[in-house]
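Database features (TrEMBL):
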- Thr33, Gly34, Ser35, Thr36, Asp88, Gly89, Ala90, Asp91, Lys101, Gly102, Gly103, Gly104, Lys128: substrate binding site (BINDING)
- Glu110: active site, proton acceptor (ACT_SITE)
Amino acid sequence: MPHPLTPGDLAKSIAARRACDYVEDGMKVGLGTGSTAAFMVRHLGQLVADGLRVTCVPTSARTGALARSVGLQVVTLDEARWLDLTIDGADEFDRDFNLIKGGGGALLHEKIVAAASERMVVIADPSKRVETLGAFPLPVEAVAFGLQSTRAAIAEILASADVLNRSVTLRMEDDAPYATDEGNRILDLDLGRIGDARRLSIQLNQIPGVVENGLFCDLCDIVVVGHPDGRIELRDLANGTVIEERAEMDEPDNIFAESGD
Ligand SMILES: O=C(CO)[C@H](O)[C@H](O)COP(=O)(O)O
């Protein structure tokens, strides 16, 4: 049943639709995970129904199922080998386009897909913009084997890291530890503020039990921010430009949605 979008979802939908303008006929496109990315997947489905040809690599089983349901051609990253573009959401982005991702638990595949892409476009509502990363808990994907040792090693790194808080929580779902698409665990690090994201990312990834962390440094090229009043900001890291536009507010998808993610 179509329902009116909340202001937050309207902002996400506006950013998602505008980001699809970067998709050209014949492109290989990485599809992100999360509620903002779901708006993008649905819109891409409409564009494909209107004749656009794209090959898509989803970053999660959830996004893959949605992509197939809206008629997108889905292949694995190994089949695609490289991608022209990835469009994904984020939990936070800073002025240098460093990101925290993984709120939806898909950070590992999201980072692999982003790294295999010529360009990464992040779609966001204004609440995702921060001065300094870290208010959102940093997700760290870790193997289940030896998880307590991995936690202890993370705590040791945090003890001397430039952060405000140092609590580590095992992510749960339905009273059981959350399992990623790779069957791993997620540890959420409440840090408050991350002084040196690049350094922390390297340190965390040196722990044997850590598979990947949700700090995305030097991966994002463009940020598209949608606002509930229809404003759109296009921020391009390469040339430092910020372009402001207005969305067509009478577009049905900018007012109604079937559902979020
Ligand atoms: O990293 C992610 C999933 O792993 C998402 O992109 C991030 O959590 C943002 O999600 P949403 O668009 O629902 O706010």
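Placed from the backbone N, Cα and C atoms, the Cβ positions cover glycine too.
On the structure: features taken from TrEMBL.
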{"residue": "Asp88", "record": "substrate binding site", "contacts (Cβ under 8 Å, 6+ apart)": "Gly30, Leu31, Gly32, Thr33, Gly34, Ala37, Thr59, Lys101, Glu110, Val113, Ala114, Met120, Val121, Val122, Ile123"}
{"residue": "Ala90", "record": "substrate binding site", "contacts (Cβ under 8 Å, 6+ apart)": "Leu99, Ile100, Lys101, Val122, Ala124, Lys128, Phe216, Cys220"}
{"residue": "Gly103", "record": "substrate binding site", "contacts (Cβ under 8 Å, 6+ apart)": "Gly34, Asp91, Phe136, Pro139"}
(message) If you count CB neighbours within 10 Å, which one among the binding-site residues Lys101, Lys128 has the smallest count?
(response) Lys128
(message) For Asp88 (substrate binding site), which of the three DSSP-derived states applies: helix, strand, or coil?
(response) strand
(request) Could you tally the C-beta atoms, other than its own, that fall within 10 angstroms of the C-beta of Glu110 (active site, proton acceptor)? (result) 32
(message) Among Thr33, Ser35, the binding-site residues in question, whose Cβ has the most other Cβ atoms within 10 Å in this structure?
(response) Thr33
(message) Between the two most separated Cα atoms in Thr33, Gly34, Ser35, Thr36, Asp88, Gly89, Ala90, Asp91, Lys101, Gly102, Gly103, Gly104, Lys128, the residues recorded as binding substrate, what distance in Å do you get?
(response) 15
(request) Could you check which of the binding-site residues Thr33, Ser35, Lys101, Lys128 have their CB within less than 6 A of ligand 1? (result) Thr33, Ser35, Lys101
(message) List the residues in the vicinity of the substrate site, defined as same-chain residues other than Thr33, Gly34, Ser35, Thr36, Asp88, Gly89, Ala90, Asp91, Lys101, Gly102, Gly103, Gly104, Lys128 with C-beta within 8 angstroms of the site's C-beta centre.
(response) Gly32, Ala37, Glu110
